[in-house]
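*Asks:* Could you have a look at this structure, given as structure tokens, before my questions?
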Amino acid sequence: MKVALVYNEKVETLAVVKALEKLLDSRKIEIDPENPDVVITIGGDGTLISGFHKYQNLVDQIRFIGVHTGHLGFYTDWRNFEIGKMVDNLTKKQPSSASYPLLELIITTGSGEKKKLLALNEATIKRVSKTLKADVYIRDQFFESFKGDGLCVSTPTGSTAYSKSLGGAVIHPRLKALQMTEIASINNRVFRTLSSPIVIAPDEWITIKPESDDHYVVTYDGYEFNHKHIKKIEYRISQHVIRFDKYQHTHFWNRVEDAFIGQPKNK
């Protein structure tokens with residue numbers, strides 16, 4: 001087995017990385033950042049997202065394992081003090097596998113050029129200095145005319161991130177669905193939106209067509225794509241998935257409760 005390590009530069013994280021490297025070496029597990037079988041991320045959910053984008057060209061061939069140096073995350077199964085147990089499992093135990101859907105964006109510019117991007121959590125479109133005006137289509141059928149700060153399209157795993165802060169629903173990651181939420185929409189006689197998040201089926205897609213050629217910012221998992229002439233953007237469930245090796249199970253709704261509610265455990 002060959003593994004790659006992706007981590008942030010925080011002091012507590014670097015200490016965990018150093019200890020993990022020693023454990024891997026003692027078990028004869030090779031660290032190979034170029035051609036890994038498993039990518040282990042150390043930090044938090046943001047670090048795992050960075051690891052996904054670093055290795056997205058290999059996403060069909062690799063699996064991910066997340067180590068959290070703080071509270072338990074949505075993508076990270078192991079805490080920093082459990083790395084010994086994790087390495088034991090790597091060498092002795094057959095993992096179960098969990099796969100989650102990815103968001104595919106196809107951006108068409110005014111010149112007809114196409115740019116394809118992948119996102120693990122979400123993608124947004126905003127206008128740089130003015131209100132966004134755009135027509136929204138579902139399965140190439142007109143749905144609404146939007147006016148506001150922007151639009152966000154998220155995956156089920158991304159539903160606990162930015163989308164939730166916009167009033168979106170939390171969606172179980174086993175559901176292959178996309179959710180679109182509005183960012184500060186303006187409703188009047190010309191621009192009329194549903195003013196509610198929508199969830200679309202796996203065989204459907206969303207197309208956003210900005211009204212005018214202007215400078216737009218498309219974000220995907222915090223990364224940016226800037227372009228002055230975007231003709232349309234298509235959002236759909238990708239044919240690719242991200243896969244995780246699972247050696248211990250934490251119920252998704254337990255993670256949600258721990259992250260957002262934090263009820264006393266004796267209830």
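Placement of Cβ uses the backbone N, Cα and C atoms for every residue, glycine included.
These figures come from a predicted structure and were not determined experimentally.
Quick paste from Swiss-Prot:
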- Asp45: active site, proton acceptor (ACT_SITE)
- Asp45, Gly46, Asn121, Glu122, Lys147, Asp149, Thr160, Ala161, Tyr162, Ser163, Lys164, Ser165, Ala184: NAD(+) binding site (BINDING)
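Set these features in their place in the structure for me.
*Replies:* Taken residue by residue with DSSP, Asp45 (active site, proton acceptor) is part of a helix. Around Asp45 (active site, proton acceptor), the C-beta neighbours below 8 angstroms that are at least 6 residues distant in the chain are Gly66, His68, Gly73, Phe74, Tyr75, Thr76.
Under the DSSP three-state reduction, Lys164 (NAD(+) binding site) is assigned to helix. Note: Lys164 (NAD(+) binding site) has non-local neighbours Val170, i.e. same-chain residues 6+ apart with C-beta under 8 A of its own C-beta.
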*Asks:* Please identify which of Asn121, Thr160 has the densest Cβ environment, defined as other Cβ atoms within 10 Å, among these binding-site residues.
*Replies:* Asn121
*Asks:* Would you give the longest CA-CA distance, in whole angstrom, between residues of Asp45, Gly46, Asn121, Glu122, Lys147, Asp149, Thr160, Ala161, Tyr162, Ser163, Lys164, Ser165, Ala184, the set recorded as binding NAD(+)?
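*Replies:* Roughly 32 Å, rounded to the nearest whole number.
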